[in-house]
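Annotated features, as they stand in TrEMBL:
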REGION    1-21  region 'Disordered'
DOMAIN    41-212  domain 'MENTAL'
TRANSMEM  48-69  transmembrane segment
TRANSMEM  89-109  transmembrane segment
TRANSMEM  116-136  transmembrane segment
TRANSMEM  142-159  transmembrane segment
REGION    191-227  region 'Disordered'
COMPBIAS  217-227  compositional bias 'Basic and acidic residues'
Amino acid sequence: MENALSRSLDSRGSLPTSGSVSPAQLAARLDSYETGGRRSISDVRRTFCLFVTFDLLFITLLWIIELNVNGGIQERLKEEILHYDYHSSFFDIFVIAVFRFAVLILAYAVCQLRHWWAVAVTTAVTSAFLIVKVILSKLLSQGAFGYLLPIISFILAWIETWFLDFKVLPQETENENRLFSISAPSERAALLQPGPLSDGQFYSPPESVADSDEDIEEKHDHEKPVL
């Protein structure tokens, strides 16, 4: 019995350390994963910021090409910036692209905003400005760039809104829910994990030293004289 008891104690005592992780190690792993996942920018948000940068660079490239087509860059810059005319200048479309870039990068890359209001503001301002400019200005009479710059700027602004609302925010919410579903059962399992067993948990009653009733009756039977 003592050998069986010692074997059971050894087997039970080795269970918490053989295939499990201590609560301190589990908490450290979860904290490191949560800290790294929340403080660092996600892949889908990084892609969104790259697209916002592409928006600015593409509009800038088209504007520079338009300056070269219609004359020298220096002369056209003086004409469109120093002598700005709302009806014929493309400089304000470039300024709208800079406005979108500054607001979206500040909101979703620097501050890591988790709401759609910033991209809604940039898209609404861009759409309203371009619609009014196309109606009141003379861009359509200035060749292909009069059509190209407003249309591309309008499309890029709405693509940014779609990408953030349908890709970035839902995927980040799904990642957080997945992390919560993994961490919650792990924490409960760590709290419910059995500790080392003490000798008092295995108690066997000592053998009775005193004679039982049957033994006493047998002794009396043997001690009776035979007649």
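First residue shown is number 1, and so on along the chain.
A Cβ is built for glycine as well, from the same backbone N, Cα and C atoms used for every other residue.
With a cut-off of 8 Å between Cβ atoms, the residues of this chain six or more beyond the transmembrane segment (48-69) that come close are 41, 76-77, 80, 90-91, 93-94, 97-98, 100-101, 104-105, 108-109, 143, 145, 148-149, 152-153, 156-157, 159-160, 163-164, 167-168. Within the chain carrying the transmembrane segment (142-159), a Cβ under 8 angstroms from the stretch's Cβ atoms is held by residues 51, 55, 58-59, 62-63, 65-66, 69-70, 88, 90, 93, 96-97, 100, 122-123, 126-127, 130, 133-134, all 6 or more beyond its ends.
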